[in-house]
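Chemist: The structure under discussion is supplied below as structure tokens; questions concerning it will follow.
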Amino acid sequence: MAATAAAATLAAATSSLLRRSPLLRPHALRVSRDFAPRRFARHIASSTNEEAAAKTAAATADTGGPTIFDKIIAKEIPSSIVYEDEKVLAFRDINPQAPVHVLVIPKLRDGLTGLDKAEPRHAEILGQLLYAAKVVAEKEGVADGFRVVINNGAEGCQSVYHLHVHVLGGRQMKWPPG
């Protein structure tokens, strides 16, 4: 009972903070390194939302319709592009979880909505995604320490069903990741 009340109080306080503080809203493209306490507060509030978004996205995962990433590739939606070649596109995440948070995506989905859909024919693009992650880390100045993440499925909190690699850096990464 007391734990439930404490959790409700924390959730209400966090929600109130998020509404009032422009520094805590997830609109910025970069997160300053000195925002650790604020980043933690935003994480508490957003983790449940990320899980809900992942479950919602999973319901329509393999319909074949265009994803937000297809629209970014087609330049229908603006993005902050970090790297691009003939096969991949890398751009800043709109909800960064680290000072450097870039998404690397294949320009052609080719049935690769998640890592669980990978087939032998996808080996080349999978390698190109990892190589592009390395190039992005160099360009962003975090080549000495960065993390590469692929979320897969609803339980892995995948919210866009177009395979993508997260490149995170610019702060000390923790283990286990969560």
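Glycine residues also receive a Cβ, built from the backbone N, Cα and C atoms like all the rest.
Given the structure is predicted, the values throughout are model-derived calculations rather than measurements.
Just lifted these from TrEMBL, have a look:
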- HIS164: active site, tele-AMP-histidine intermediate (ACT_SITE)
- 68-178: domain 'HIT' (DOMAIN)
- 162-166: motif 'Histidine triad motif' (MOTIF)
Chemist: Quick one: mean pLDDT on the domain 'HIT' (68-178)?
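Modeler: On average, pLDDT over the domain 'HIT' (68-178) sits at 97.
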Chemist: Just to be sure I understand, if DSSP states are collapsed into helix, strand and coil, how many residues of the motif 'Histidine triad motif' (162-166) fall in each?
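Modeler: Per DSSP, the residues of the motif 'Histidine triad motif' (162-166) fall into 0 helix, 2 strand, 3 coil.
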Chemist: What does DSSP give as the helix, strand and coil breakdown of the domain 'HIT' (68-178)?
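Modeler: Going through the domain 'HIT' (68-178) residue by residue, I get 32 helix, 25 strand, 54 coil.
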Chemist: If you skip the near sequence neighbours and keep only those at least six away, which residues in the chain come within under 8 angstroms of HIS164 (active site, tele-AMP-histidine intermediate), Cβ to Cβ?
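Modeler: Counting only residues 6 or more apart in sequence, the Cβ neighbours of HIS164 (active site, tele-AMP-histidine intermediate) under 8 Å are PHE69, LEU103, VAL104, ILE105, ILE150.
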